[in-house]
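The feature signal peptide is assigned by TrEMBL to 1-22. Feature annotation from TrEMBL assigns domain 'Sushi' to 35-94, 95-154, 155-215, 216-275, 278-340. According to TrEMBL, the feature disulfide bond maps to 37-80, 65-92, 97-140, 125-152, 186-213, 218-261, 246-273, 311-338.
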Ligand SMILES: *[C@@H]1O[C@H](CO)[C@@H](O)[C@H](O)[C@H]1NC(C)=O
Ligand SMILES: *[C@@H]1O[C@H](CO)[C@@H](O)[C@H](O)[C@H]1NC(C)=O
Ligand SMILES: *[C@@H]1O[C@H](CO)[C@@H](O)[C@H](O)[C@H]1NC(C)=O
Ligand SMILES: *[C@@H]1O[C@H](CO)[C@@H](O)[C@H](O)[C@H]1NC(C)=O
């Protein structure tokens, strides 16, 4: 069943390829053998209808002026005659109104290029802007605008300065209109030092100064080897607890299984554990980047267990062993050392 379907698909693809090739060659033969006239020139504001490439002997093209344009000279109908077009190129002139100047903050509705006679453009000032001069509506009359477009002026505030470290800004976006508030807050682990949590745009200037915050949490707790804490990471804000457990085969010797960050200092020292069960600590991973291991073995590392190590892609073995066995509480062999391929070692 599947085989039949695959065969049908192949037949279909072959048919499509054959068809498109046939179409392409038909098209190109027609192109080379029967296009008698070149593309007729189409003047600015003019449009060609009723004909197309390739142009055959006797073929007629019609030309018209687009909306907003008027014929000044040339022909609206031309014939392909012995390799050239009869008549003259249609020339059209723009009779509509000119493009309107861009004015920041001024929005326009109801009119689109080309602007034809009687067309109205209506303006308004966007948020944060007020009217300065000009007309709210201008009308296109005999190729000229009846008035001057509205101009607007930004009366809002500048973009507030970037919040300092540990601070975030929210709830405000450009344009910052009068009366708009920006609020600031301290990120986790940080406390307010000075400034205002809300600043308001008044008469084009910000009232108040943005908040500044400082880190009041704890330093990173000291690293441990025989114990670990699953969820103990930055920021260590006040009240944060880090709970330690001994690794497999290890027993506690000193320290506290839970330490808490209080006023920027840890309440105790992290739990230290040493190996008490037979077996090994995690195998040495080597001294250089590019060493990836242990593979195919994990804690608890029992007596007799073998771990294989390998170099990362792009690295090659320089020295050491790719296999090590837990023997009498120690790993056999030398730690694997990998170096980047095609590079010399700089230190030993
Ligand atoms: C333009 O505005 C005038 C006056 O309000 C109105 O009479 C005319 O119909 C408008 N033109 C168009 C094209 O809407
Ligand atoms: C355009 O504005 C000017 C001055 O602001 C005013 O004198 C004129 O009458 C306005 N024109 C129209 C068509 O509203
Ligand atoms: C800005 O904050 C003030 C005081 O809290 C409030 O009265 C005002 O409505 C706020 N403005 C906006 C645009 O939310
Ligand atoms: C932390 O451990 C030490 C000794 O291991 C102990 O004296 C101290 O009370 C412990 N602190 C807390 C907060 O448990």
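Using N, Cα and C of the backbone, Cβ positions are placed for all residues, glycine too.
Residue 37 (disulfide bond) has a Cβ environment of 21 other Cβ atoms inside 10 Å.
Across the residues of the domain 'Sushi' (35-94), the predicted structure has a mean pLDDT of 94. Cα of residue 186 (disulfide bond) to Cα of residue 37 (disulfide bond): a distance of 74 Å. A simple way to gauge crowding: the CB of residue 97 (disulfide bond) has 24 other CB atoms within 10 angstroms, across all the protein chains here. Following the DSSP three-state reduction, the secondary structure of residue 261 (disulfide bond) is strand. Note: the CA-CA distance between residue 261 (disulfide bond) and residue 213 (disulfide bond) rounds to 18 Å. Each residue contributes its Cα atom, and for residue 97 (disulfide bond) and residue 152 (disulfide bond) those atoms are 22 Å apart.
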